[in-house]
């Protein structure tokens, strides 16, 4: 069976999109590892489904590269905002729903931005046995840790990220792990180990929001916060409240790479 797809990316965080599929969600969970395989498939960090919704412009469903379903993906959401706008599925501004709720999407001058849930469950300066300290924890739609480092290039992201991701402190769901270096000129560099991909990715949208929330709380960073990932820049804008940040919007480099058909029989 041949199925049409689009390859998209958000700051190098790449995805395969299937629009209005006839198959059930479980089918895409099953084929995601093969589709995302970079040698024998299309190659991606995850699979995105655009599904019809009775109220919103569309429903977003996301599967990690290992086939596990994730409640949300920030860069994936941005990519879908651009894709659905270009394909005439959604207007701008638009609304869509994910497993974490309703979102707003905007395309301005060809650049998409998307609203994210307010960061929650924030825990700062955690001292966890067996892990580097301090760690900071934020739920930005999915769980994230944030660790400030002196030299981000020297961090073994895959090994240390895997250790944090699998620690019993964050079980059973696990967590994503972000490593952050703040330069003297307030330039912020981030590298992320993503749960479900089980490796470092070129960027992470929900990770960017988690980092921005911690930078605001601990270092007083105002909106917008510009973050540099290996795959490109992301921008997190927000309003400040007494307990943290709210009305979060995520923007940054996004593109439709190519379209095609894949035999998934």
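Every residue, even glycine, has its Cβ placed from backbone N, Cα and C.
In the three-state DSSP reading, residue 73 (active site) counts as coil. Cβ neighbours within 10 Å of residue 73 (active site), excluding its own Cβ and spanning all shown chains: 28. What TrEMBL lists as active site is 73.
The feature active site, proton donor is assigned by TrEMBL to 73.
In the three-state DSSP reading, residue 204 (active site, proton acceptor) counts as coil. The active site, proton acceptor annotation in TrEMBL covers 204.
If you look up TrEMBL, you'll see 13, 64, 74, 75, 176, 194, 195, 205, 206 marked as substrate binding site. Taking the Cβ of residue 13 (substrate binding site) as reference, residues of its chain lying under 8 Å away and at least six apart in sequence are, in sequence order, 45, 75, 76, 201, 202, 203, 204, 205, 231. DSSP assigns residue 13 (substrate binding site) to a strand.
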Neighbour count (Cβ, 10 Å) for residue 176 (substrate binding site): 27
Between residue 73 (active site) and residue 206 (substrate binding site), the C-alpha gap once rounded to whole angstrom: 6
Long-range Cβ environment of residue 74 (substrate binding site), under 8 Å and at least 6 residues apart: 10, 114, 116, 140, 141, 204, 205, 206, 207, 208, 209, 250
